[in-house]
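TrEMBL annotations:
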| type | residues | note |
| --- | --- | --- |
| BINDING | 47-52, 66-71, 161, 209-210 | GTP binding site |
| BINDING | 51, 69 | Mg(2+) binding site |
| DOMAIN | 35-259 | domain 'AIG1-type G' |
Ligand SMILES: Nc1nc2c(ncn2[C@@H]2O[C@H](COP(=O)(O)OP(=O)(O)OP(=O)(O)O)[C@@H](O)[C@H]2O)c(=O)[nH]1
Ligand SMILES: [Mg+2]
């Protein structure tokens with residue numbers, strides 16, 4: 001997309017003044033480090049609040065939000081510029097529908113991202129879900145298989161529906177800690193990130209409340225029950241990831257073709273065949289030969305061969 005076509009980021013003016021000040025401060029920090037473009041990829045299961053989060057960050061209603069299963073499978077990139085800085089956010093269709101990872105959606109997303117560079121991956125889920133299961137792990141695995149493990153160094157977990165009262169008498173902090181621990185664990189497992197590796201670069205979590213029911217502080221900024229002013233906090237977390245020294249992910253054909261599971265083992269096939277020959281086929285052949293040599297032919301066979309000497 002030509003730079004001139006990118007629309008001005010007017011949505012930023014929708015934010016309360018203190019939020020705007022902080023956002024400009026973070027963008028300034030990025031520009032100082034020569035980061036003039038930021039491309040954020042938003043992924044997650046269906047209906048978790050991906051599109052709503054995109055709209056919240058932009059301060060505009062651009063991405064389609066629906067309480068019901070969305071029909072479209074197409075990703076959508078929204079670009080806005082502000083003071084020489086360009087923000088691209090890519091909203092994607094839900095990766096899970098009907099209990100399975102939607103491979104078709106994933107393929108379309110991959111093709112859409114070809115030749116683009118992803119600076120940050122936002123993995124969205126809900127804070128008010130109480131369980132993780134194998135499907136979560138499958139989703140993480142699918143993302144990891146598509147873009148490589150390194151994408152998690154540029155990854156951030158966003159938990160929506162964050163304006164909640166925790167169940168079972170838990171405090172907000174306890175509930176948040178438990179939910180994030182279980183989710184991060186499943187991410188580690190799904191992405192095959194070793195514990196040590198993970199401790200060296202933990203995946204940050206940011207809380208989000210996309211609806212208007214969020215409380216506000218005296219500056220008019222949305223505040224969560226734990227006191228987090230979540231919009232500036234989210235943008236700060238994104239900024240920190242960009243400046244954490246890891247590399248952005250460029251999606252090229254090689255990455256998309258990836259370590260194809262059908263190809264992965266193929267180089268071993270001749271070796272496996274050779275081993276099979278020496279350890280299985282050869283001994284069996286040998287045994288058969290021995291058997292033949294040892295064999296006493298049964299009478300019926302001798303008869304058929306005309307050697308039964310009239311015993312029938
Ligand atoms: N209470 C609450 N509702 C939310 C929040 N975020 C999203 N929702 C609602 O959840 C529903 C789904 O939101 P979307 O933003 O469309 O979710 P999505 O992940 O883009 O959904 P798909 O594109 O279909 O996968 C909508 O009814 C939203 O209003 C949130 O933070 N809090
Ligand atoms: Mg959506």
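Each Cβ is built from the backbone N, Cα and C atoms, and glycine gets one as well.
Owing to the predicted nature of the structure, the values given are computational and were not obtained by experimental measurement.
Features recorded in TrEMBL, as mapped to the structure shown.
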| residue | record | Cβ neighbours (10 Å) |
| --- | --- | --- |
| 47 | GTP binding site | 18 |
| 49 | GTP binding site | 25 |
| 51 | GTP binding site | 24 |
| 66 | GTP binding site | 12 |
| 68 | GTP binding site | 7 |
| 161 | GTP binding site | 18 |
| 210 | GTP binding site | 20 |
Local backbone state of residue 51 (GTP binding site), from DSSP in three classes: helix
Binding-site residues whose CB lies under 6 angstroms from ligand 2, from 47, 51, 66, 68, 161, 210: 51
Filtered binding-site residues, from 47, 51, 66, 68, 161, 210, whose Cβ is under 6 Å from an atom of ligand 1: 47, 51, 66, 161, 210
Where residue 66 (GTP binding site) sits in the secondary structure, as DSSP reduces it to three classes: coil
